[in-house]
Every structure is written in structure tokens, then in C-alpha cells.
Amino acid sequence: MTLPHFNPFDSVAVPVLQPLPLEFYRRAGVEVWMLRLDQVHPQVSGNKWYKLKYALQNLMERGERRVLTFGGAYSNHVHALAFAGKALGIETIGVIRGEPAYAANPTLSDARAWGMQLEFVDRATYRNKQDSAFEQQLRTRLGDFGVIAEGGFGPLGLAGCREIFAGLDGVAGFDLICVAAGTGGTMAGLIATRPASSRLLGFSALKGGEFLYADIAALLHQAGETDPGGWALQLDAHGGGYARTSPLLAAFMAVFQHKTGVALDPVYTGKMVLRFNQMVEQGEVAAGSRVLLIHTGGLQGLRGMEKTLYDQGSAYRGGLPL
């Protein structure tokens, strides 16, 4: 789909299916591939383009020229929307969870450079993001705007994520498809288009992610999609909590990149691949399985974390599932 005057995104590419011929997988008798959504666009990468495209089209068709969204200080969604807004000539406002000092980090520095207006709120206030009274307070102070939910979650985001497998050959040949889950919007889109022969497993980036079952089911219903089943959530991949890193995770990401050439992010895909490899090591993935790991991007968030990850990884002395 091409949006009117959306020339900056003409280069959005069909994602590549890349084999991961690690000796670790060969010994387990498991064939593993990775879907490189991180390569579809240099700025609006990963799953973000899919989650934003129809929401942006809807805003433009309604004549909206300002859009507000919500996110954390290192949000991939906020970063992608800021770039898309600049490309489309749409004013963007980001309501950011945290302190104004975060404005200096690489993610929000980019967002400001692309014209996004940043509004910082404390964590208690941020929890009201879906409250109509809070939205009205924002409108009174900031003027009118369209809204795209945190993470692009909603029926329009689901509609975009239905297209992740479009144009790809061979997806139906995988026994297991794995994807990281934050809000669950990408997971919902994949549930709606999952090949009947494939099982879908979502790796929650959140501690206590049980609520995602209800959120995903509600989104499928809201979007008029039938839940065909065949999916589940892996709830112990969070590594201690959302965006928390560890020496194990840092060391795993570094060695994985060295062996495959694929960089992972520490919030979503890194934790997913680590937990998947632990499942392989523990015999939870049957020999003979063909598995697809979906790389949902998020690499922009690595900036500013390099030293922390290097120090943590260098301090790790245990074994790795690789």
C-alpha cells in the first residue's frame, strides 16, 4: 500500500527470510530461520511500519494534521512515528513516561529533531493514558489532535500486521513461529494470518504478561477477526522485567551477533531468542522442527546502552545456549 505523498517510504522492502545455520541448532536437529523485519526501513523498521501505516492513512483521510501518541523514553514506536510525521508533514506529539532529562537520549533527540513535541508525565499520570478525562485535559492544553495508541495497538495496527507474511514464500513450511510481544498488537495480526500448519508462540517482554491473553483476544474481536487458536504466550522470557538487562542477556546477544551477523535488541528480540535457545537446549523443541524467529527491530534503542551491555557481557562467566 502506498499512502498519498508517502514517497519517503517507497523504499519499504519485503523482509528477508534468513537461515541461521548455527551448530547449536544442528546438534539439536532444529532448522531455524529469521524474518528480518529490522531491515524493511532504516528508520521505521521492524514491526513499526506495519502497525503505523493504516493509522496514518486513516488520519490523513480524515484531514488530521496533528497526531498524539504515548510511549516510554526509549520507545521504538515514538521514534518511528516522529520520523513518519516529518515525512508526511504531520505534527506529532509524544506523551512520554518519565522525566524531562530523558529528552537528551538518542531516541528522543531524534524525535525532537524530526519535529515531535515532547510532553513528559510521571508514571502515575501515564497510567491514565486510556482515560477520556486525561485525553480531554491534553486537548485543553495542547489543542486538537488525532490519537494513535501506545505501540500502535488497535484494529488498524492489527490490519497492518496481517501483511507481515505478504509476499513471502515458504512461511507455511514452519512448524513454529516465534515473535516478541509488548502490547500484543503484532501477535494479534499474526494470529489472524498464521498458516494453519504452524504454531505461533509469543514471548512476553513484560513481567506478569498474563493479561496479554485477554488483550489479544479483545483486539481480535474488536477487529472482527476469528481466533483460530494454535497460539500461546511464553511468559518467562522477560528476564526480570521490561527492558531489564543482565550479564547473561548481554553476553548472549554479543555471541549471537558474532556467530550470525544479526544484532538483537535487549528489550524484545534479544530476550525472545535467548529464551527460545534455552527451550532448544532443554529439549522443548522437537528434533526435526522448522522454526521461524521474527526480528521485530528496535535496534535504535541500543544507542546509549552499548557500554552497559559491554560491561555486563564481559562480566558474565557462565555457559550460553549457543
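Glycine is treated like the rest: Cβ placed from N, Cα and C.
Keep in mind it's a predicted model, so treat the numbers as computed, not measured.
According to TrEMBL, the protein carries these features:
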DOMAIN    24-297  domain 'Tryptophan synthase beta chain-like PALP'
MOD_RES   Lys48  N6-(pyridoxal phosphate)lysine
ACT_SITE  Ser75  active site, nucleophile
Could you state the whole-number distance in Å separating the C-alpha atoms of the residue listed as 'active site, nucleophile' and the residue listed as 'N6-(pyridoxal phosphate)lysine'?
11
Recorded positions listed as Lys48, Ser75, least Cβ neighbours within 10 Å:
Ser75
Conformational class of Lys48 (N6-(pyridoxal phosphate)lysine) under the three-state DSSP mapping:
helix
